[in-house]
Amino acid sequence: MIHLLFTVIGCEMILIVLLLFKTPLRKLVIMGLDRVKRGRGPVMVKTVAGTVFLVLVSSVYSIMNIQERSVEGGIVNPTDQVLMSKHLLEASIMGFSLFLAWMTDRLHHYIRELSLLRKSMEAVKKQSRGFDDAKNGASEEAKAMEEELTSLKAKVKKLESECETKKKDVKAAEANTEALRKQSEGFLLEYDRLLEDNQNLREQLQSLDRGK
């Protein structure tokens, strides 16, 4: 299961990297995520996320039970240590994978909003140019067009402000992604260390069994 979770995390990180950089693959990823969010896609994603969350809660509960047994018994059982290390690693990886999935969803949402804002700005600017060309008409029409132009310019400024805000959100998401990448490297190192501890504990258990 741990190998599967690491595979899922790797796929999620690849998706995030593809969303961060403007490449032809980015359009394909966005189109794929758009299709996932249609029809029964959201229900399936929520079902999978809920299942992972329940398994995460189960692992945390198992860790708490092992800690309680250790406190009550006063002696740390090597088998409990192995199980606790395994549950702790699984819980950490599942929580990290859920967070990466949420980051992927937010990045996709911000990119779609930025695209819509840019299209709206282009349409407003084209309409504004049309009003500028028609300003040489009748005086009453010119006044009405000037008022409309003022309103459109205000909308353009508002859209530009919203666009800047979304860009800042995307930059913040990129910074979070970089931090998550570094954290995942730490998880991989911790995983290797736990595997080594697990092997040592197994050897200790075998020696204890032989001593009996």
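Glycine residues also receive a Cβ, built from the backbone N, Cα and C atoms like all the rest.
Here TrEMBL flags 135-211 as coiled coil. The transmembrane segment annotation in TrEMBL covers 6-22, 43-64.
Beyond the transmembrane segment (43-64), the same-chain residues lying 6 or more positions past its ends with a Cβ under 8 Å from any Cβ of the stretch are 36, 83-84, 87-88, 90-91, 94-95, 97-98, 101. Computed over the coiled coil (135-211), the whole-number mean pLDDT of the model equals 78.
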